[in-house]
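Student: OK, Swiss-Prot features for this one:
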- 27-202: domain 'EngB-type G' (DOMAIN)
- 35-42, 61-65, 81-84, 148-151, 181-183: GTP binding site (BINDING)
- Ser42, Thr63: Mg(2+) binding site (BINDING)
Amino acid sequence: MLKSRIKYNTASFVTSAPDITKLPADTGIEVAFAGRSNAGKSSALNALTDQKLARTSKTPGRTQLINTFELADVDDMRLIDLPGYGFAKVPIEMKKKWQKSLGEYLQKRQSLKGIVILMDIRHPLKDLDRDLINWAISSEIPVLALLTKADKFKQGPRQSQVLKVRRELSALDGDITVHAFSSLKGTGLPDVAKKLDEWFLGPVVAVPPAEKILNDDTNPTS
């Protein structure tokens, strides 16, 4: 079982919205999942929540709406599945519509407190990925970059690719964390849960052990 402060398996579907006007009230905290149409975004959400929460399709580009999922064990906190971007075979008008919905959400949604950007580990940091990361940095939104389909690489090449992406993104001077991820093998899943816990609930503060107070009976004066 996934160890986390929030029970992500309590997530449930709320609504699918064509634009931000149809989303739930802009209150509380939202964490959005975004990525290219073939990056494995829906599979990552399903792995995190341990259920078939987000629809997966063998045809990239099928997610056309902003899908909202509510976390049952915490108040006013949501996971957002944003439309996939960058799939070449999508009709141009549909692509423009998706880009408009995505742009409106990212620019105007006040409850957005973190964004998970998923990229195929074999082809990371495409132009649209970089655009999204740069937007997040300029808006002071923290980013968790997941290099998906990590099971396609052995451990050595996988780690080399992670380090390469970390080096590139470190030059951007933003709050960016990079991990390898595989929804098939569960690689990186604890890292995702830990980061989302921080965004939703705040970082874990280490509490120093209470000082031992000695009273006159246990520490008599001479």
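The backbone N, Cα and C atoms fix where each Cβ goes, glycine too.
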Student: Indicate whether Pro83 (GTP binding site) is helix, strand or coil by DSSP.
Tutor: coil
Student: In the predicted model, what is the mean pLDDT computed over the domain 'EngB-type G' (27-202)?
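Tutor: Reported value for the domain 'EngB-type G' (27-202) is a mean pLDDT of 90.
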Student: If you count Cβ atoms within 10 Å of the Cβ of Gly35 (GTP binding site), leaving out that atom itself, what do you get?
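Tutor: Other Cβ atoms within 10 Å of Gly35 (GTP binding site): 26.
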Student: Considering the binding-site residues Asn38, Ser42, which residue's Cβ sits among the greatest number of other Cβ atoms within 10 Å?
Tutor: Ser42
Student: Counting every protein chain present, what is the number of Cβ atoms, excluding its own, within 10 Å of the Cβ of Leu65 (GTP binding site)?
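Tutor: Summing over all protein chains shown, Leu65 (GTP binding site) has 16 other Cβ atoms within 10 Å.
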Student: Could you state the whole-number distance in Å separating the C-alpha atoms of Leu65 (GTP binding site) and Ser42 (Mg(2+) binding site)?
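Tutor: Here the two Cα atoms are 13 Å apart.
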Student: For Lys41 (GTP binding site), which of the three DSSP-derived states applies: helix, strand, or coil?
Tutor: helix
Student: Measuring CB to CB from Lys149 (GTP binding site), give everything in the same chain under 8 Å that is also at least six residues away in sequence.
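Tutor: Same-chain residues close to Lys149 (GTP binding site) (Cβ under 8 Å, separated by 6 or more) are Gly40, Asp120, Ile121, Arg122, Ser182.
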Student: May I ask which residues of the same chain, at least 6 positions away in sequence, place their Cβ under 8 angstroms from the Cβ of Phe181 (GTP binding site)?
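Tutor: Ala44, Leu118, Leu146, Leu147, Thr148, Ala150, Thr187, Gly188, Leu189, Asp191, Val192 - these are the non-local Cβ neighbours of Phe181 (GTP binding site), listed in sequence order.
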Student: Taking the Cβ of Pro83 (GTP binding site) as centre, how many other Cβ atoms lie within 10 Å?
Tutor: 25
